[in-house]
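Marked as signal peptide by Swiss-Prot: 1-26. Per Swiss-Prot, N-linked glycosylation site is recorded for 67, 75, 177, 289, 366, and the stated evidence type is sequence analysis. What Swiss-Prot records for 163 is active site, nucleophile. Summarising the annotation, Swiss-Prot assigns active site, charge relay system to 187, 257. According to Swiss-Prot, the feature disulfide bond maps to 242-255, 279-290, 293-301, 436-455.
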């Protein structure tokens with residue numbers, strides 16, 4: 001009798017729980033979760049089109065299902081963002097999917113559609129996944145055609161493609177003769193696509209605006225420029241914070257490649273701007289040859305990520321299109337570096353070559369340092385030497401500056417660098433004052449600290 005009462009109680013609780021659960025909760029779809037076994041035996045292509053909006057931010061609806069109820073959430077008057085992942089050698093869902101969906105919905109009430117083609121991307125044979133890219137593009141075209149028939153416009157379509165997903169975006173764009181609004185390619189896949197003609201890969205003609213981020217050009221990514229603007233963080237290789245040896249396991253292979261996604265997500269947070277400097281090469285950027293962005297006035301230098309389309313009008317008008325932008329990042333989110341130009345006018349009679357370390361100190365005691373040690377600088381009498389300094393912290397009010405000069409040599413005499421004028425020019429925040437210091441001597445390997453003063457107008 002007591003046992004019967006116990007089971008009846010459990011049944012009652014179960015009924016109450018089921019009554020309290022909404023219909024929508026029972027119909028939520030999730031990203032396909034596979035494993036290495038699936039990768040070994042292979043998976044046939046099956047695509048879910050997982051829709052998220054502010055009405056269903058935590059409960060995806062699959063628009064690729066027959067008689068899907070998800071279309072009740074699809075408002076074609078909104079902008080639609082497609083997020084398309086790439087090759088999945090182990091079958092696990094991308095770890096960044098939930099974060100990027102949330103960040104998009106925080107910004108605006110988009111239709112966010114996660115293109116889950118994990119069944120098709122999960123395989124140990126990369127070329128099989130690459131062969132499925134056009135099939136995925138065909139499926140996306142059917143959905144977009146459906147949306148257009150309900151009143152959507154191609155202008156409102158924005159595709160964010162990662163690795164192979166970048167080329168899928170390009171294939172979709174080609175089907176509409178480049179009329180879709182925008183494509184962002186996040187480290188487009190290189191293997192099987194490098195050297196291919198435009199019709200077989202992502203190209204700037206695939207959308208009204210195409211911006212691309214390259215973070216693994218010496219590995220899994222595509223090296224050459226593909227968009228109206230191509231960003232090369234840290235030169236497109238060896239991202240800070242990523243493992244340098246194979247002993248780190250799978251992270252060694254995927255960290256650089258994935259960094260493009262995390263840089264993009266950082267741009268959605270709007271903590272700071274990842275400013276790119278248009279330049280011919282990474283070396284030219286490093287030695288300070290590319291800090292002039294007058295061609296974009298009244299705008300500043302372009303920024304990577306979601307807000308890159310603010311520079312669209314300037315970039316698409318170039319003939320031929322194609323701008324490369326370089327910059328360095330920090331190792332961790334939000335990844336920003338804060339750039340300054342450091343100008344030296346010296347009056348030493350002999351030419352000196354060496355390296356500079358500069359520290360900035362704020363009124364509240366914070367300190368940030370930049371070591372300009374990748375390329376030696378040449379200091380000639382009465383000739384200005386300009387160096388690009390990059391700092392991890394953004395110090396608003398600089399109270400003190402310290403500078404160290406070294407030749408890098410451990411033998412021989414110690415040198416002096418006689419400085420007629422040193423000037424610190426902010427590049428990331430160009431509205432801040434330019435600071436100077438006049439007539440001082442740097443002794444090799446001896447740190448010199450001083451209080452900067454506003455530059456004289458004649459020296460700006």
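Note that Cβ sites are derived from N, Cα and C of the backbone, with glycine treated the same way.
Shown on the structure are the features that Swiss-Prot records.
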residue : record                      : DSSP (3 states)
75      : N-linked glycosylation site : coil
242     : disulfide bond              : coil
255     : disulfide bond              : helix
279     : disulfide bond              : coil
293     : disulfide bond              : coil
301     : disulfide bond              : coil
366     : N-linked glycosylation site : coil
436     : disulfide bond              : strand
455     : disulfide bond              : coil
Q: List the residues of the same chain that sit at least 6 positions away from residue 279 (disulfide bond) in sequence and have their Cβ under 8 Å from its Cβ, in sequence order, or write 'none'.
A: 285, 289, 290, 324, 325, 326
Q | Surrounding CB atoms that lie within 10 Å of the CB of residue 436 (disulfide bond), all protein chains | A | 19
(Q) For the C-alpha pair, I'd like the distance in angstrom between residue 187 (active site, charge relay system) and residue 177 (N-linked glycosylation site), rounded off. (A) 23
**Q.** Integer Cα-Cα distance in angstrom, residue 436 (disulfide bond) to residue 366 (N-linked glycosylation site)
**A.** 20
Q: List the Cα distance (Å, whole number) between residue 455 (disulfide bond) and residue 366 (N-linked glycosylation site).
A: 23
(Q) At a 10 Å cut-off from the C-beta of residue 289 (N-linked glycosylation site), count the other C-beta atoms across all protein chains. (A) 15
Q.
According to DSSP, does residue 187 (active site, charge relay system) sit in a helix, a strand, or coil?
A. coil
Q: May I ask for the distance between residue 301 (disulfide bond) and residue 257 (active site, charge relay system), taken between their Cα atoms and rounded to an integer number of Å?
A: 25
**Q.** residue 293 (disulfide bond) CB neighbourhood, other CB atoms within 10 A
**A.** 20
